[in-house]
């Protein structure tokens, strides 16, 4: 159970960190938003700490992102924290994902990559809304990424099932269906603000995060 939870967390934290890095460095944000984004990175530091026993290489992004967050101002500021440390943490995060994936095999690695997109995008969306980000484009882009990632997850599960012995594949049918059902439900909740043309609410995104996290865990459990 812990191994699955850590794998989902690792994928989500890495994907969210990539999105927040993009917003912080390239987004047109005010001093208040920059300070709130700096605070959001502490959630990712906590996420990396959870995954260290599962992937010892996670200690590297944990330490570097922790230093970045510690050196960054959490109030109104026009200055971004030490950017080289942030880039180094991103690189170490990719390394941690690769090392965790190589231990599980090719299909499991592809599955974890799709979860970086799926769980990472919804995690980033939650943190951006919590930070009261005014970058409206991400409210549309991130759910679309989630839809694409859910489709990649379905394809990976299908290919994985085709490569298994018939008896083993049949035993995993229920898990695959549950995973796909949860993923679809989570994405629908996530994108509901687009259907109703309203602003996304943090409660809506948190529910979606939990449902998608469960879907990701069930999907990874068929491979890890």
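From the backbone N, Cα and C atoms, a Cβ is placed for every residue, glycine too.
If you check TrEMBL, you get these features:
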TRANSMEM  42-70  transmembrane segment
TRANSMEM  82-100  transmembrane segment
TRANSMEM  106-129  transmembrane segment
TRANSMEM  141-164  transmembrane segment
TRANSMEM  176-195  transmembrane segment
TRANSMEM  202-223  transmembrane segment
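A Cβ distance under 8 Å defines the sequence-distant neighbours of the transmembrane segment (202-223), meaning residues of its chain 6+ beyond its ends; these are 4-5, 7-8, 11-12, 104-105, 107-108, 111-112, 115, 118-119, 122-123, 125-126, 129-130, 146, 153, 156-157, 160, 172, 175-176, 178-183, 185-187, 189-190, 192-193. Using a Cβ-Cβ cut-off under 8 Å and counting only residues 6 or more beyond its ends in the same chain, the transmembrane segment (106-129) has close neighbours at 7-8, 10-20, 23, 40, 43, 97-98, 100, 135, 138-139, 142-143, 145-146, 148-150, 152-153, 156-157, 159-160, 163, 183, 186, 190, 200-202, 205-206, 208-209, 212-213, 216, 219-220, 223-224. Long-range contacts of the transmembrane segment (42-70) within its own chain (CB-CB distance under 8 A, at least 6 residues past either end) are made by residues 2-3, 5-7, 9-10, 12-14, 16-17, 20, 81-82, 85-86, 88-90, 92-93, 95-96, 99-100, 127.
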